Amino acid sequence: MGFWVDSQRGGIRSLIRRKQVDSVHARLEDRPQLAKELSVLQLIAIGVGSTIGAGVYVLVGTVAREHTGPALTISFLIAGIAAALSAFCYAELASRCPSAGSAYHYSYICVGESVAWMIGWALILEYTIGGAAVARGISPNLALFFGGENGLPIFLARVHIPWLNVVVDPCASILVLVVTGLLCVGIKESSLVQAIVTTANVCIMVFVIVVGGYLGFQNGWPGYELPSGYFPFGLNGVLAGSATVFFAFIGFDSVASTAEEVKNPQRDLPLGIGIALSICCGLYMLVSIVIVGSVPYFSMDPDTPISSAFASHGMQWAVYIITAGAVTALFSTLMGSILPQPRILMAMARDGLLPPFFSDVNKKTQIPVKSTIFTGICAALLAFFMDVSQLAGMVSVGTLLAFTIVAISILIIRYVPPDEVPLPSSLQDSIDAISSEDSHAIEEGNPKDSFDVSDHCQSKGEASVGYPLIRKESDEDKVHEQERRKMAAWSITFVCIGVLLLTYTASTNYFPSLIRFSVCGLGGVLLLCGLAVLSWIEQDDSRHTFGHTGGFICPFVPVLPVLCILINVYLMINLGAGTWLRVSIWMILGIVVYIFYGRTHSLLLDAVYVPTAHADKIYHGSLDYVA
């Protein structure tokens, strides 16, 4: 008998089947490739444009008034550091697995099909609602340039339809369709437009920083000369403000979704993610320093803090520049919201979980045009008919779920990476041939001529006749490695359970105090024990060769990803019951779609799982192998 193979067709195992990292073994004729046009500068533009939305023009007022006071800058710094934890995890996975799909793709490789489906399904919701919400935020800002709230031309103005009790927004839907058309032209052209718009937005923010700083120095920074001091709401206020402004950093994950279109993904993806996040954090902090220093925090206008701050110093004309900044920020964010979704749909369709319609890539533009048009139509209809402001929390759920699963994937890659890979059933002849060769080598007492397959060999007794000492040492190493993997897997499980118990009980008040403290303590013990074991045991040796090597490596593992999981789960728990109820409805719908379509059409349905060490030789031994 040769090495052990398996086909994970049904039952529980079908829910945790994992795909392999896309490699040179993927046949180009079977998988049309996206155009590799993006450089690090374009990735930075996509990351900054997707992250800096109009929220910064409002957040500085509401958060300073309600939570932080002059210490708003510290809140932005803490939130930026928290976002950087996720960025480090994304950077490693994006360079190891540079294919379209972002968190969906990573979780399919590291965790399993069912989890990947739920992540992909949640991201579809996030980007659709996010795009629609951003589009509806543009028309009120544009109206200012036409004389006020009702100044837009009749064909763009919002209209209330009494018999439907909805306010339609033609301007929002038109903008979505314009962005969709632009994205269909090509990634090079659309990224150029986004770079121009993002540059304009950054220039306006620099204007706010420079002119606001001049006004601050001229007037003695009245916002910092207050009897209440720098921390009027204390440390708790600063932390509460950090949790609020954290969502202003969401968007850098759009860079990871373009991984397949990057010229040098191992180098450029980590740089693009890191530099984009650093620019955003720096701009946020500088703007907050200027605004909270120019006006006492309790005097800020919560809706238009920057405009009102300039107006209080006699610069009413600045409102037009700041509004232009809000419009450019929203437009670039709209592009960043619609850009990733077609690629996620394409990745899911490539894997068979969605109809092949979504995986079609235009031969001329090398863009998933059908998926892009479908995404644009859905977002345009939603923006036209619905006031999606109440659904904004659902966007955060998708993002935080993705951040969490990416951090868990880092732990899996480092400690328990997949030791089997799925191969298509068309390679069965090659698999049988290699298996037969391996059996003959073992039976002849030449284990050095065979692969190291003692885990899957059914004739260990025969093999040990020729080399008893080598076999004994090998068996001991295998047993030790199995124990290490088992211990690591349980430790990762304990970390996840501990985080969930700790954050849930710490965020709820309707349990009796004794139960709260007991469950919270149990969660803390599980979390710390799991983290201690992961810090103590060795990481898996195959982490050096998993996926595409030579890229960015996430530092401070396991502490960094565990902190990332803790922060993201805490933020998810505190999103509110209403948000979770709406998300649950969408997720239940996703489960139904997966059960009746995705699970039965998955490309892994007939895949044959073989030890990782055998994959290359099986491909080379196949007539279908493409170098």
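Every residue, even glycine, has its Cβ placed from backbone N, Cα and C.
Residues or ranges marked as transmembrane segment by TrEMBL: 40-60 (among others). Within the chain carrying the transmembrane segment (40-60), a Cβ under 8 angstroms from the stretch's Cβ atoms is held by residues 72, 134, 137, 141, 191-192, 194-195, 197-199, 201-202, 205, 244-245, 247-252, 254-255, 258, 262, 267-269, 271-273, 275-277, 279-280, 283-284, 287-288, 291-292, 300, 302-306, 322, 325-326, 329-330, 332-333, 335-337, 339, all 6 or more beyond its ends.
Panel annotation: around the transmembrane segment (72-91), residues 60, 63-64, 238-239, 241-246, 248-250, 252-253, 255-256, 269-270, 273-274, 277, 280-281, 284-285, 288-289, 292, 297, 403, 406-407, 409-410, 552, 554-555, 560-561, 563-564, 567-568 of the same chain, lying at least six beyond its termini, place a Cβ under 8 Å from a Cβ of the stretch. TrEMBL lists 72-91 (among others) with the feature transmembrane segment.
Sequence-remote contacts of a segment are chain residues at least 6 beyond its ends whose Cβ falls under 8 Å from one of its Cβ atoms, and for the transmembrane segment (103-124) they are 14-21, 93, 97, 253, 256, 340-341, 344-345, 347-348, 351, 353, 397-398, 401-403, 405-406, 408-409, 412-413, 417-418, 547, 583, 586-587, 590-591, 593-594, 598-599, 602, 604. According to TrEMBL, the transmembrane segment annotation covers 103-124 (among others).
Annotation source TrEMBL lists transmembrane segment at 163-185 (among others). Among residues of the same chain six or more beyond the transmembrane segment (163-185), those with a C-beta under 8 A of the stretch's C-beta atoms are 131-132, 135-136, 138-139, 142, 152, 155-157, 193, 331, 334-335, 338-339, 342, 362, 365, 367, 369, 372-373, 375-377, 379-381, 383-387.
Here TrEMBL flags 229-252 (among others) as transmembrane segment. Sequence-remote contacts of a segment are chain residues at least 6 beyond its ends whose Cβ falls under 8 Å from one of its Cβ atoms, and for the transmembrane segment (229-252) they are 47, 50-53, 55-56, 59, 62-64, 67-72, 74-76, 78-80, 82-83, 87, 90, 273, 276-277, 280-281, 284, 297, 333, 336, 395-396, 399, 570-571, 574.
As annotated by TrEMBL, transmembrane segment applies to 273-297 (among others).
Under 8 Å from some Cβ of the transmembrane segment (317-339) lie the Cβ atoms of residues 46, 48-54, 56-57, 127, 130-131, 134-135, 137-138, 141-142, 144-145, 175-176, 179-180, 182-183, 190, 193-194, 197-198, 200-201, 204-205, 207-208, 211, 251, 254, 257-258, 304, 306-307, 310-311, 372, 375-376, 379, all in the same chain and six or more residues away from its ends. The transmembrane segment annotation in TrEMBL covers 317-339 (among others).
When Cβ-Cβ distances below 8 Å are used as the criterion, the transmembrane segment (367-385) is approached by residues 34-35, 127-129, 131-133, 135-136, 166, 168-170, 172-177, 179-181, 183-187, 337-338, 341-343, 345-346, 349, 357-361 of the same chain, each at least six residues removed from its ends. Under the heading transmembrane segment, TrEMBL lists 367-385 (among others).
If you look up TrEMBL, you'll see 487-507 (among others) marked as transmembrane segment.
Annotation source TrEMBL lists transmembrane segment at 513-537 (among others).
What TrEMBL records for 549-573 (among others) is transmembrane segment.
If you look up TrEMBL, you'll see 552-602 marked as domain 'Cationic amino acid transporter C-terminal'.
Among the features that TrEMBL reports, transmembrane segment is placed at 579-597 (among others). Proximity of distant same-chain residues to the transmembrane segment (579-597), defined by a Cβ-Cβ separation under 8 Å and at least 6 residues beyond the stretch ends, is recorded for 114, 117-118, 121-122, 125, 353-355, 391, 393-394, 396-397.
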What are the DSSP helix/strand/coil residue counts across the domain 'Cationic amino acid transporter C-terminal' (552-602)?
40 helix, 0 strand, 11 coil
